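What follows is a set of notes on a single structure, which appears directly below.
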C-alpha cells in the first residue's frame, strides 16, 4: 500500500515540561468528541520503555496492567481510552520500544535486511510507522489518536518522535496533526502565569522537526487572551489552536471543556473533513450533573497489598464510581493494608464499612490478612466482592472454616498443601506465556445471583491469572447446598464465579469485570455490589 493512499487521519499527542500532564485523558476526550461526531476513532499508546509489555512490571512502578479482549497486557491509559470511547482496544493499541527493538532484531536474525547495517534510522523508525498503519487498518479507523509516552527531550522517546516527524511526509500534510500538551505554571505569590516552560518545550519539539498545530495548556487557572496571544506569537501557532486543560474535579468534564472551546471543529477543518454531525454530549452532561449532586455515600473497604499506589487498582476504582453514580451516591474507599490485618484488629478495621472488596494480586505476601477479611465479611453478612485472587482466597477461606479442610491453600502459596483447592490452570493458553489472558466465555447457572445480575446465559469477561479453583474439589464444596459455582467456562471446565446462597451478597469471580465497566454503562456486578452495600448500610 502507498502510505498516501491510506485514508486514516492521525493525531499525535506529545507532552512537554513535566510528565503526568494528562495526555491520556486529553487523547481519550478528543476521541470521544470525534466519535460523537460520527467518526470511527481508535487510540494507540507508544511507550518508550524497553519492557516488552508492563505485564512483569511492579504495580508500584507502573500502576495496574490493563488487559484487552485479545489478551494484551497494556498500559493503564488504555483503560481511559476504553472508558471514554466505549470502544475496545487491542494488542495493536499499545506499542513499546521493547516490542519494536525485539521485532527488528528478530528480522535481522532471520536475514530480512539482506545483510544491511541495522540502524535506528531507517529500521527502527520504519517499524514504528508500520505499527501506526497496523492499528489503523485493524480497527478500520477514520482517525487514530497516538499518544507518545514520556516527555519531549527524553532520550528514550527520540526514535518515536523521529518516526512521527516522518509520517507527515509519508501520509500527507492534511492527514497528520501534531498536538502538544504543556504545563503553564501559576505563581500564586505573584499572581502570574508563566509561559517560558511552554516556549522552551515547543522550541525543543521544533528542533526535532515537529511543529505542533495545536497546544493544550494544562493550568490551574484560566488563561487570558493576552497570554494565549503571547504563546501563539512565540511558538508560531494559530491563537485559535491554543486550548486550555484546566484542572477538573471530574475527569469527564474534559470532554465538555475541550468541545466547548471548539477543538473538534479545528481538527476537522485541518483534516478537511466535512459533513459530520454536530456533537451531542447530552449524556455526558447529565452524568456530570448527577456526579455534582450526589445525595448519598457508600463506603467500601478495599483490602489489598498495593494500596500505597492507588493506580494499581485504577479500573476497580473507576468501576466502583460508575456503579455508585447510578445509585446517586458518592463513593468513599477505605484502603486497608492486608499485611496489617490480624485476628485481633479485624473487627475494628472493618466493622464500619458498607461492603468489602478483595482485589487481585500475585505472590503470597498479605494472603492471610485478606483471608481474615473474607471470613469477616462472610460471617457478618457484609456484602463481599472478590476479584481474581480475591475469588481464590474466598475458596480457601471456605475450605478451611466451613469444610474444615485443615491446611487448605493455593499451590501458589504452599506447594505442599494437603488440600490444593487452588491449582495451576489445567489448560495452557498460547497468550502471554504462563498466564491465561484475554476474553473468554462463561456460562451462568440458572437460579443463581450471578444469573439474575447479568440476565444472560453466556457472558464474556477478561482474565489475567495463572491459578484457579481445583475442579476436583467442586463436588465437595457444593455438597452442603450453600456454596455454588455459578459461572463455568464449559470448554475448559474452569470455575469462573462462586457465590453463597445463605449470604445477602457474597460473589467472587476469577476474571476482571472492572475492565468492561464504562461511565455510562456500569458493569452489572459492580452495580449489584454497590446496591447490596447500600442495603447493608440501611439495615445497620
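Yeah, the Cβs are placed from backbone N, Cα and C, and that goes for glycine too.
Look at Swiss-Prot and you will find 388 tagged as active site, nucleophile, backed by sequence analysis. Non-local contacts of residue 388 (active site, nucleophile) by the CB criterion (under 8 A, 6+ apart in sequence, same chain) comprise 359, 360, 361, 464, 465, 509, 510, 511, 512.
Summarising the annotation, Swiss-Prot assigns active site to 512 (among others) and lists sequence analysis as the type of evidence. In this view, residue 512 (active site) is surrounded by 23 other Cβ atoms within 10 Å of its Cβ, with every protein chain counted.
Among the features that Swiss-Prot reports, active site is placed at 514 (among others). Over all protein chains present, the Cβ of residue 514 (active site) has 26 other Cβ atoms lying within 10 Å.
As annotated by Swiss-Prot, UTP binding site applies to 19, 194, 195, 196, 197, 198, 199, 230. Other Cβ atoms within 10 Å of the Cβ of residue 198 (UTP binding site) number 27 in total over all chains.
Annotation for residue 155 (CTP binding site): no spatial neighbours, criterion Cβ-Cβ under 8 Å with sequence separation of six or more. Per Swiss-Prot, the feature CTP binding site maps to 19, 154, 155, 156, 194, 195, 196, 197, 198, 199, 230.
Taking a C-beta cut-off of under 8 Å and a sequence gap of six or more, residue 24 (ATP binding site) has these contacts in its own chain: 45, 77, 80, 81, 147. Annotation comment: Swiss-Prot describes 20, 21, 22, 23, 24, 25, 77 as ATP binding site.
Taking Cβ-Cβ distances under 8 Å and a sequence separation of 6 or more, the neighbours of residue 389 (L-glutamine binding site) in its chain are 358, 359, 360, 361, 362, 370, 465. The L-glutamine binding site annotation in Swiss-Prot covers 60, 361, 389, 390, 391, 392, 412, 466 and rests on sequence analysis.
The number of other Cβ atoms within 10 Å of the Cβ belonging to residue 147 (Mg(2+) binding site), over all protein chains shown, comes to 27. Sequence annotations record features per position, and here Swiss-Prot assigns Mg(2+) binding site to 77, 147 based on sequence analysis.
According to Swiss-Prot, the domain 'Glutamine amidotransferase type-1' annotation covers 306-539, on the basis of sequence analysis.
The region 'Amidoligase domain' annotation in Swiss-Prot covers 1-273, and the record cites sequence analysis as its basis.
Packing around residue 21 (ATP binding site) is summarised by its Cβ count: 19 other Cβ atoms lie within 10 angstroms of its Cβ, all protein chains included. Secondary structure at residue 147 (Mg(2+) binding site), as computed by DSSP, is strand. The binding-site residues shown are 20, 21, 23; of these, the one with its CA atom nearest the CA of residue 412 (L-glutamine binding site) is 20. Confidence annotation: the region 'Amidoligase domain' (1-273) carries a mean pLDDT of 94 in the model. Largest Cα to Cα distance within the recorded CTP binders 19, 154, 155, 156, 194, 195, 196, 197, 198, 199, 230: about 31 Å as a whole number. Its Cβ taken as reference, residue 466 (L-glutamine binding site) is surrounded by 14 other Cβ atoms within 10 Å in the chains shown. Apart from 20, 21, 22, 23, 24, 25, 77, the residues listed for ATP, the same chain places the Cβ atoms of 15, 26, 27, 80, 147, 181 within 8 Å of the centroid of those Cβ atoms.
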